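Peer 1: Below is a structure I'd like to ask you about.
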């Protein structure tokens, strides 16, 4: 049985960093990022809950859209803004409980079939990926490319869309040209030689925020 639909979010979420630590959440909120995701891997349960609680508090303090990856029970328990789930997590998660708690839901998709499945669940946004090759995580699927992204965006007018996977600063203009509403990045910020500068450039490209004058 389909869920009755999840709370809506902005049609264009803008820059959407996906990070793995509370430190990065703090840094990026202070840098002006308003949509972000905490994706914790390989941590013990007590530390995970502690970090999620702290991240949710920070998100509320900055009035940001903070999504918790995977740990939907903790997100519900502590009143997160939203949850992000991969396709492999959908069957195990209690989607009705997430919806009844008033949390937003984002869902990952990797092809047309998964996109169709996501639409039946009426989430708050749909992530489309991976667009380019990525070293951030092992992917069983092949990169979709810009042509596929453009087609999927056009076929998904009723949902905010997020492009993810191997998106560098240089690739952002081409990704935005597809009409996608948000661009998720990982290593473009976390592996940058100057993460603050990289974040400012991405905010400028994606959201039109002014860059500080060069000295």
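A Cβ is built for glycine as well, from the same backbone N, Cα and C atoms used for every other residue.
When I checked Swiss-Prot for this same protein, it listed these features:
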BINDING   37, 38, 39, 40, 41, 69, 108, 137  4-amino-2-methyl-5-(diphosphooxymethyl)pyrimidine binding site
BINDING   70, 89  Mg(2+) binding site
Peer 1: Fewest other Cβ atoms within 10 Å: which of the binding-site residues 39, 41 wins that one? Let me know.
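Peer 2: So among 39, 41, the binding-site residues given, the one with the fewest Cβ atoms within 10 Å is 41.
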Peer 1: Just name the most isolated of the binding-site residues 38, 40, going by other Cβ atoms within 10 Å of its Cβ.
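Peer 2: 40, out of the binding-site residues 38, 40, has the fewest neighbouring Cβ atoms within 10 Å.
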Peer 1: Cα-Cα separation of residue 41 (4-amino-2-methyl-5-(diphosphooxymethyl)pyrimidine binding site) and residue 70 (Mg(2+) binding site), in Å?
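Peer 2: Residue 70 (Mg(2+) binding site) has its Cα 10 Å from the Cα of residue 41 (4-amino-2-methyl-5-(diphosphooxymethyl)pyrimidine binding site).
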Peer 1: Could you give the Cα-Cα distance between residue 89 (Mg(2+) binding site) and residue 38 (4-amino-2-methyl-5-(diphosphooxymethyl)pyrimidine binding site), in whole Å?
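Peer 2: With distance taken Cα to Cα, residue 38 (4-amino-2-methyl-5-(diphosphooxymethyl)pyrimidine binding site) is 16 Å from residue 89 (Mg(2+) binding site).
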Peer 1: Measure from the CA atom of residue 70 (Mg(2+) binding site) to the CA atom of residue 108 (4-amino-2-methyl-5-(diphosphooxymethyl)pyrimidine binding site) and give the result in Å, rounded to a whole number.
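Peer 2: With distance taken Cα to Cα, residue 70 (Mg(2+) binding site) is 11 Å from residue 108 (4-amino-2-methyl-5-(diphosphooxymethyl)pyrimidine binding site).
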Peer 1: Around the Cβ of residue 69 (4-amino-2-methyl-5-(diphosphooxymethyl)pyrimidine binding site), how many other Cβ atoms lie within 10 Å? Please give the count over every shown protein chain.
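Peer 2: Result for residue 69 (4-amino-2-methyl-5-(diphosphooxymethyl)pyrimidine binding site): 22 neighbouring Cβ atoms inside 10 Å.
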